[in-house]
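Structure first, then comments.
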Amino acid sequence: MSTVIASSLSARVAVAGTARGSSTRKSSSIAANPRSRRAVVAMAGPSKDATKETALTKPFEAIVEARNSHPIADNRSDSFARTSHFTKECEIAINEQINIEYNVSYIYHAMYAYFARDNVYLPGIAKHFLKESLEERGHAELLMNYQITRGGRVELQAIMPPQVEYDHPEKGDALYAFELSLSLEKLNNDRLVALHRIAEDAEDAALQDFIEGELLEDQVKSIQEVSEFVAQLRRMGNKGDAVWHFDQMMLNREA
């Protein structure tokens with residue numbers, strides 16, 4: 001029995017030694033061959049240190065990119081909110097549109113004052129032009145607030161004094177005033193389209209969306225509305241009774 005046990009133990013020792021020798025030879029072969037080392041690393045996957053380094057590097061790269069692409073102005077006179085797409089041309093065009101809106105509002109206010117006179121007194125038409133004046137002024141203020149939001153500077157310009165008399169020898173005062181209103185609305189539409197084109201050239205999607213959603217859509221509706229008023233007045237004529245009935249319609253409409 002002791003002889004058998006001794007033989008078994010000797011066999012086990014020999015096998016273990018062979019295994020250790022084989023492992024040692026493989027380690028030596030890998031150490032001597034750089035390609036083998038890279039293969040082993042690739043099979044094992046990235047180390048915890050390498051993964052941690054990548055996770056820390058990516059946010060740092062994003063921060064560097066953000067700072068290089070969009071530096072914050074050190075001078076307090078420059079806007080902090082302004083983006084690269086909001087160009088100087090966009091800023092100038094918005095200020096010009098503010099001036100247009102204020103001028104149209106001023107003209108409509110003068111029309112209101114004319115039709116509210118005691119010797120003219122067409123209260124429905126007067127009320128309509130007062131509402132239009134307030135609406136145009138609201139558009140000017142909307143543009144001012146948008147200019148501020150984008151980091152631009154609001155620069156108000158001079159407003160031309162409007163005419164105060166709207167009586168016309170052939171058309172009468174009501175038709176003449178509404179035809180003038182239609183021309184003003186179309187002019188305003190042209191200027192808004194020009195502003196949109198400047199925003200498009202600057203690739204300023206935010207300004208384009210603002211013009212389309214807040215201004216152009218309402219402008220198109222205003223043109224249609226005033227066109228209908230002109231058509232009705234031309235059909236009715238500029239005689240006193242016809243204009244009075246039109247004014248009553250406007251009075252009920254604005255109520």
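FYI, residue positions are counted from 1 along the chain as it appears here.
Positions of Cβ are set from backbone N, Cα and C atoms, glycine also.
All TrEMBL annotations are machine predictions without curation.
Now, the feature entries from TrEMBL:
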- 84-237: domain 'Ferritin-like diiron' (DOMAIN)
- E101, E136, H139, E185, Q219: Fe cation binding site (BINDING)
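Within 8 Å of the Cβ centroid of the Fe cation site, not counting the listed residues E101, E136, H139, E185, Q219, the chain contributes I100, V104, S105, E135, N188, L215, D218, S222. The Cβ neighbour count for E136 (Fe cation binding site), using a 10 Å radius and every protein chain shown, is 24.
When pLDDT values are averaged over the domain 'Ferritin-like diiron' (84-237), the model yields 97.
Same-chain residues at least 6 positions away in sequence with a Cβ under 8 Å from that of E101 (Fe cation binding site) are, in sequence order, E136, R137, H139, A140, L143, N188.
Around E185 (Fe cation binding site), the same-chain residues at least 6 positions away in sequence with a Cβ under 8 Å from its Cβ are Q219, S222, I223, V226. Counting other Cβ atoms within 10 Å of each Cβ, the binding-site residues H139, Q219 show the lowest value at Q219.
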